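Here is what TrEMBL says about this protein:
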- LYS216: active site, proton acceptor (ACT_SITE)
- GLY20, SER21, GLY22, ASN23, TRP24, GLY25, ALA164, ARG280, LYS309, GLN311: NAD(+) binding site (BINDING)
- LYS131, ARG280, ASN281: substrate binding site (BINDING)
- 15-183: domain 'Glycerol-3-phosphate dehydrogenase NAD-dependent N-terminal' (DOMAIN)
- 205-352: domain 'Glycerol-3-phosphate dehydrogenase NAD-dependent C-terminal' (DOMAIN)
Amino acid sequence: MAPLMEKGGGGGVYKVAVIGSGNWGSVATKIIASNTIKQNNFHDEVRMWVYEETLPTGEKLSDTINKNHENCKYLPGIYLGPNVVADPDLENTVKGADMLVFVTPHSYVKGICKRLVGKIKPEAKAISLIKGMEVKKEGSCMISKLITEVLGINCCVLMGANIANEIAEEKLSEATVGYREDKEVANRWLQLFTTPYFLVSIVEDIEGVELCGTLKNVVALAAGLVDGLGMGHNTKAAIMRIGFKEMRAFSKLLFPSVKDSTFFESCGVADLVATCYGGRNRKVAEAFARNGGKRSFNELEEGVLQGQKLQGVLTAQELFEVLTDRGWEDQFPFFITVHKICTMQLPPRSILQCSSVHNSTQLEY
């Protein structure tokens, strides 16, 4: 790779590191790299942390990315850019970085953050593209809050109607950045991610944006079950509406500050629609229902996703733990049913009973 041009004269030139190199992580890196190389306030080089793997050819994944500028395992056929450097060393990846982009499976975040304590710039800023939450004895914790608590840095979130492969092909898409108080930082993320085909807006409602991105995966599981049962568009629309209603009610119950308007941003209804028709959670749930619920989600994940990770089932488990801990089970029959189907306590067809049960349950928040 040719040497990258240094920009600016010091202050105001931001170095970006991406923590994660899966399907969505690679797409995010492609977007970021296309902007850093064009804009004077960012260093050209984008370093991407790769969880090292040995490919069937015997080559290391990071070596092939650096040689071909393509992630042949998780995003084949897509050019990432000449300024992307894959690095299997986590600490080296973040060394000197001003902006940290987290995009890994949410179950890995806490361990990664603990490894980074004392290894990042104190004034660094973070953004999470991760859907999920951590459930602790003292209550649920959003991923952005986890990053802030462990690393002591500002963390925004980016969520939206983002089927990764479509964005990689530069088909028009949108996303929402959620922030708290610091609009200047949010605008910096806006500048880093916005392209002619990836349109980003900012909203001062970090909890609302992040919960939309998290909870829609549970609704997408239900949509996939409906597809697998062959029930058609009307049933799927009804299930999506019920799920959307519980998303809003749960979010506002957990965080009263959540704004109704956030649900009509890309992170809300648009992401829900995209994920319920094109996401991996829908895809695996469809296969689960077609098999009559006889093969576990873990087993199907291996075959259907070929190395990619499913977020919805774990999120449904975490959601179930929050609801039971707070005594909210009766208010959220849809979420409870999805979890019980995923854990094989109920058959896939049980999702069809949610409509009548839900319509007798009041969720007004």
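The chain as shown is numbered from 1 upward.
Using the three backbone atoms N, Cα and C, a Cβ is placed for every residue, glycine included.
Predicted automatically and left uncurated, TrEMBL annotations should be read as such.
It should be emphasised that the depicted structure is a prediction, and the values quoted were computed from it without experimental measurement.
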Listed recorded positions GLY20, GLY22, TRP24, ALA164, LYS216; those within 10 A of LYS131 (substrate binding site), CA to CA, turn out to be LYS216
Would you count the other CB atoms within 10 A of the CB of ALA164 (NAD(+) binding site), including those on all shown protein chains?
-> 23
Largest tally of Cβ atoms lying within 10 Å of a Cβ, found at which of the recorded positions LYS216, ARG280 | LYS216
Greatest CA-CA distance (Å) over the residues LYS131, ARG280, ASN281 that the record ties to substrate?
-> 13
Position of peak Cβ density within 10 Å, selected from the binding-site residues GLY20, GLY22 = GLY20
Could you tell me the C-alpha distance between ALA164 (NAD(+) binding site) and ARG280 (substrate binding site) in angstrom, no decimals?
-> 10
CB within-chain contacts under 8 A for ASN281 (substrate binding site), separation at least 6 | ASN217, ALA220, LEU221, GLY224, THR275, LEU310, GLN311, GLY312, VAL313
Across the domain 'Glycerol-3-phosphate dehydrogenase NAD-dependent C-terminal' (205-352), DSSP labelling yields 117 helix, 0 strand, 31 coil
Substrate site, defined by LYS131, ARG280, ASN281: further same-chain residues with Cβ within 8 Å of the Cβ centre = ASN217, ALA220, THR275, GLY279, LEU310, GLN311, GLY312
At the Cα level, what's the spacing in Å between the residue listed as 'active site, proton acceptor' and GLY20 (NAD(+) binding site), rounded?
-> 22
Are there residues of the same chain, six or more positions away from TRP24 (NAD(+) binding site), whose CB falls under 8 angstroms from its CB, and which are they?
-> VAL103, LEU129, ASN162, ALA164
